[in-house]
Amino acid sequence: MPMNSYITNALSDFFFKYETPRQVLVRNRRVGVVCRLIQLGVLAYIIGWVFIYEKGYQSTDTAVSSVFTKMKGVGYTNVDGEERVWDMVDYVFPEQGDSSFVVMTNYIITKGQKMGKCPELTEPRYLCNSDSDCERGIIERTGHGHMTGKCVGNTTKTCEVVAWCPVEDDHAIPDPALLMSAENYTLFIKNSVTFPAYGVKRSNLVEGIDNQYIKSCVYDPTTSPLCPIFRLGDLVQLSGFNFATIAKVGGAIGIVIDWTCNLDYDQSECKPVYTFHGLYGNPNEIDMARASVGYNFRYAKHYMEDKQEKRTLLKVFGIRFDIIVRSVARKFDIIPTLTAIGSGVGIFGVATVVCDLILLYLLPKREFYNNMKFKVTETVEQVSLSF
């Protein structure tokens, strides 16, 4: 056969002929039931898991979000006859507005500190008998200053240090907390989210929340689940903590704002859900022996008196709030829909594979079924090409 005729026939066969595999109809109840059960399971997986649970017919997008906060409330203390009122400027750190902040609930104050030389605290690690016990120039990691090399004191001697004097004594933590009134402070959260893929913008001040409503509402998971104003005592309780315990030594609470939106419905149905989690603290009051319990930090207020710099040092115990925004928006999209359907159709082939294995290797008549399924030729005709 000439070469050009062979090529012409090959091209003709390729373009103008259609091949299809031969199918064998097997009348076997057990194999038929197995096949239909597998197909039913695959169908249930596609409909139940892929489409209903995983929303395989929708595309997804995450939001770009911003959070603003504002605390309100006034605290009152009377320590050793000294009355003081604390407002939001005094007890919120850092300044208002951040999504992560601390509300002071307890404190230890050391007033009138000035730079100079003074003895360390009367603790075993600072005690001394002579100057040789206080090596000059050494700075203890847990100390309050720079050792002068002198051992000072009358009855109980301690090492002298260059420091802010008098040094802070933070062993006696006020109990109950000095600012137990913080339980009635309120937190206002303003959160806005944007889903850029769909051009949708939402705020936690959803439809129906106006100025009049905000003035009177307080968040309640049952009666007012969309109110953006939260009472601190409720936040602590909903996170599983005891306010008196966490107020004394401090802790951390996470406020999660969850935006899970199905944009196949009206945008007004896209609303936030608030949840609260105790991140660090002592909800069960069983970890008091731990090395570091609670949350605290120090800050100082500097001032000048008689031309000398002085400061008031506060060791602050407080509740740290972290506001976390989680978001996912879904909307119908033909591409993931076709992809899910295509993968589901491909999985249907599992039924054929399993049934073929049963027919060809497990049933008593497997030789008969093998001969019916496969056609075997004894010889292969060779065609020689003449050039």
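Backbone N, Cα and C atoms are what each Cβ position is placed from, and that goes for glycine too.
With a cut-off of 8 Å between Cβ atoms, the residues of this chain six or more beyond the transmembrane segment (31-52) that come close are 340-341, 343-344, 347-348, 350-352, 354-355, 358-359, 363. The transmembrane segment annotation in TrEMBL covers 31-52 (among others).
The ATP binding site annotation in TrEMBL covers Lys70, Met71, Lys72, Thr186, Asn296, Phe297, Arg298, Lys315. All protein chains considered, the CB of Met71 (ATP binding site) has 19 other CB atoms within 10 Å.
Within its own chain, Cys118 (disulfide bond) has Glu160, Val161, Ala163, Cys165, Pro166, Val167 as residues 6 or more apart in sequence whose C-beta sits under 8 angstroms from its own. Positions annotated as disulfide bond by TrEMBL: Cys118-Cys165 (among others).
Annotated disulfide bond per TrEMBL: Cys128-Cys151 (among others), in sequence order.
According to TrEMBL, the feature disulfide bond maps to Cys134-Cys159 (among others). Annotation for Cys134 (disulfide bond): spatial neighbours Cys128, Met147, Thr148, Gly149, Lys150, Cys151, Cys159, Glu160, criterion Cβ-Cβ under 8 Å with sequence separation of six or more.
The N-linked glycosylation site annotation in TrEMBL covers Asn184. Around the Cβ of Asn184 (N-linked glycosylation site), the number of neighbouring Cβ atoms within 10 Å comes to 13.
Counting only residues at least six positions away in the same chain, the Cβ atoms of Ser224, Cys227, Ile229 sit under 8 Å from the Cβ of Cys217 (disulfide bond). The disulfide bond annotation in TrEMBL covers Cys217-Cys227 (among others).
Cβ contacts within 10 Å of Cys270 (disulfide bond), excluding its own Cβ and spanning all protein chains shown: 19. Residues or ranges marked as disulfide bond by TrEMBL: Cys261-Cys270 (among others).
The transmembrane segment annotation in TrEMBL covers 340-363 (among others).
As a whole number, the greatest separation of Cα atoms within the ATP-binding residue list Lys70, Met71, Lys72, Thr186, Asn296, Phe297, Arg298, Lys315 is 24 Å. Cys261 (disulfide bond) is 29 Å away from Met71 (ATP binding site) when you measure Cα to Cα. Each residue contributes its Cα atom, and for Thr186 (ATP binding site) and Cys270 (disulfide bond) those atoms are 25 Å apart. For Asn184 (N-linked glycosylation site) paired with Cys270 (disulfide bond), the C-alpha to C-alpha distance reads 30 Å. Cα of Phe297 (ATP binding site) to Cα of Cys270 (disulfide bond): a distance of 39 Å.
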